[in-house]
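Heads up, the thing below is written out as structure tokens.
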Amino acid sequence: MAIWDFANPTRFVRLVDRTLPWLVTACVIAFGIGLYKSFFMAPEDYQQGDTVRIMFIHVPAAWLAMMCYSVMALSSLGTLVWKHPLADVSAKAAAPLGAAFTFISLITGSLWGKPMWGTYWVWDARLTSVLVLFIMYLGLMALWRTMEDPIKAGKAAAVLTLVGALNLPIIKFSVDWWNTLHQPASVIRMDGPTIHPDILVPLLVMALAFTLLFFTLHLMAMRNEVMRRRVRAMRLKAAAGPRAASATAAPQPAE
Amino acid sequence: MTGWMGSLFRRELRLAVRVGGSGLVGVLFFLAVVTVIPFGVGPDLNLLARIGPAVLWIGALLATLLGLDRLFQADRDDGALDLILMSGRPTELVVLVKCAAHWVATGLPLVIAAPVLAIFLNLEPVAIGAVTITLLVGTPALTLIGAIGASLTVTLRRGGLLLAVLVIPLAIPVLIFGVSAADAAVNDPVPFLTPFSILCALTLISAVVGPFASAAALRFSSD
């Protein structure tokens, strides 16, 4: 399998070093086109005016927030089932990114909600499930930080990630139920006709740009994590070094 | 019940009930939470009757979370957990038995205390019955889901807080359907049975997912 070629961290880091400039370039270009299109080309909404442009940040961020969890769930499978050495590195690197994208979508959503709905926050089903997703990201990050041994932490987090992946649809379903039961009036829907191409094209370009941004940051974070583990291993060796040396040196004078 | 499961169950129960066990402290905490609520929202009996089922459910959730770190921690501290894991019995069943005993020691008292506490909250008899039944069905799910968090944090010194943070998002569906079933029994826009059967389904799902995930986490933490 091709993915096993990158089980060697050195080879992986070399590959990252080679692909990263291309990814960064593609990401910058996509953001340039996407931002230009969404801020200057896309028409104002007849109802929402300029605030509709928040959507070009908000929607891709929300998509990425979910995709990031999928990446983590796949990586967790890689950790537990195939024991791929880079899988837990990938999951660990993805968690803060997912939390950041979720946070961006929450913030932009509430900024968008203030002029549109007159409030920063409603306990709408969709908002609530994104908030729960955010809490789960933070919980996973906290779990990683509390365990010293990266391998053990990776396995524990993988179990939790997979349980979360099973649970997220249930949470989504139950939150939908909960909200429609209590306040059906505030369920927000994209009413009206399907999105006009003038808006859809910038949105898709922005989604591509966000995806490229995610992969760029993910690869960088994975490389950093590989380096961090090397530093940790070197430190452990250095800390054990003098003592090991003295332990072997000590019996010699006695002889 | 096979011999080893029975004896494990009895051992867990005995440990939970005797000195050092925290079974009844949970009920005390439950009482404290319910007592504090009127100070927060005011002594209006109509309001209390309306939010009563939710208060009881949240109190039960918090009391369950508080007791969860006892599930594996004490056994790990004295080395019993390693012996149990090395005994060659299926870890999933061990977790299930431990959860069952833990629930009988800490969850069942909450269910029994709920009708009494419901009187403080001015609940009608129908609502009291509904809350008690939903708690009876739902608290095992809380314990089983919590077992995942307990086994993930078992190696940590102060894992209790992290445990709560990890478990609460997973427990949200149980809370939603527990409270909405209890609400549905009183003022019926929806029939009681719909959310109630989903609550039963959630408990059954967590009886499968909980032991498997928890056993996996315990195995990883020990090696």
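Along the chain as shown, the residues are counted starting at 1.
Even glycines carry a Cβ here, placed using N, Cα and C.
According to TrEMBL, the domain 'Cytochrome c assembly protein' annotation covers A:17-182.
Summarising the annotation, TrEMBL assigns transmembrane segment to A:20-41 (among others).
Positions annotated as transmembrane segment by TrEMBL: A:61-82 (among others).
Taken from TrEMBL, the feature transmembrane segment applies to A:94-113 (among others). Listed as Cβ neighbours of the transmembrane segment (A:94-113) (distance under 8 Å, sequence separation of 6 or more from its ends, same chain) are residues 51, 54-55, 57-59, 61-62, 64-65, 68-69, 71-72, 75, 119-122, 127, 130-131, 133-134, 137-138, 140-141, 144, 157, 210, 214, 217-218, 221.
Among the features that TrEMBL reports, transmembrane segment is placed at A:125-144 (among others).
Here TrEMBL flags A:156-175 (among others) as transmembrane segment. Long-range Cβ contacts of the transmembrane segment (A:156-175) within its own chain (Cβ-Cβ under 8 Å, at least 6 residues beyond either end) map to 69-70, 72-73, 75-77, 79-80, 87-88, 91-92, 95, 125, 128-129, 132-133, 136, 139-140, 143-144, 147.
Positions annotated as transmembrane segment by TrEMBL: A:199-222 (among others). Counting residues 6+ beyond its ends, the transmembrane segment (A:199-222) has Cβ neighbours under 8 Å at 12, 16, 19-20, 23-24, 26-27, 30-31, 33-35, 37-38, 41-43, 52, 55-57, 59-61, 63-64, 67-68, 71, 86, 89-90, 93-94, 96-97, 101 in the same chain.
Cβ atoms under 8 Å from those of the transmembrane segment (A:125-144) belong to residues 62, 65-66, 69, 72, 92, 95-96, 98-99, 102-103, 105-106, 109, 153-154, 156-157, 160-161, 164, 168, 171-172, 175-176, 178-180, 187-188 of the same chain, restricted to positions at least 6 beyond its ends. Note on the transmembrane segment (A:20-41): residues 53, 56, 198, 201-203, 205-206, 208-209, 212-213, 215-216, 219-220 of its chain, located 6 or more positions outside it, place their CB under 8 angstroms from a CB of the stretch.
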